[in-house]
Amino acid sequence: MGVIKSAIGDAILTSIFVFFISTLRILSTKTSLFLNLQPLSLPGLFITTILNTIIILTISLIGRILGGASFNPSSTISFYTLGLRPDSSLLSFAIRFPAQAIGGAIGIKSILQVIPTEYKDMVKGPSLKVDLHTGAIAEGVLTFTHNFVILLVMLKGPKNPWLKVYLLSVATLVLVIIGSGYTGPSMNPANAFGWAYMNNKHNTWEQFYVFWICPLIGASSAAMVYRFLFMSPVKEKKA
């Protein structure tokens, strides 16, 4: 029953996350133009990181209210691999990850229904823009980097939660810019599934290989590298 409750919380939180993160480009563009700034200028990108930080902090608060719900399978896997989710298991992920994917689909369907027509070209999800294997490698490497930075900032970074999330927002923005010509990128299988579902590509090999298998491998690898670099065997034994 506890796993089912967690899965429901995950589905709710993922749908909320996907809904609001899909508006980030619109919000940042409109805010930048209102301040007479170019959206892709450094001040414009700074606004994007601030807005992203607000969204993530809000989502994190909702996640705590929902009992520790998660909205990203890749980060869930990296924390589990590092031993920071002792209450989780691979069996629980078999239930929670599909719930997150369903939440992603609900979030995307909802935002596409309520967004004004003139803004729909600004609401786009991840998609493969190169050949299959190049995209898979890119998504895996980007997700590896993203999760390694998450672990580094959350476990070794500043104590201030706002500063932690802001640093992660900056890192995420850099990775999005780098990966924009490859896969979008996603770095979140549940978000990618939501967009794939709306485009009727959710049951393709491309979706699972590029946006699920490689990112999850990248996320677990990030945890293993972090463990090798920062967690000595003595510390692990004491823990």
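Using N, Cα and C of the backbone, Cβ positions are placed for all residues, glycine too.
Predicted automatically and left uncurated, TrEMBL annotations should be read as such.
What TrEMBL lists as transmembrane segment is 7-28, 40-67, 88-112, 132-153, 165-183, 208-229.
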Residues from the same chain, set at least six apart from the ends of the transmembrane segment (208-229), whose C-beta lies under 8 A from its own: 73-75, 77-82, 126, 128, 132, 135-137, 139-148, 151-152, 155, 183, 186-189, 192-193, 196, 236
For the transmembrane segment (88-112): best-contacting stretch of 7-28, 40-67, 132-153, 165-183, by Cβ pairs under 8 Å: 7-28
Proximity of the transmembrane segment (165-183) to the transmembrane segment (7-28), 3+ C-beta pairs under 8 angstroms: no
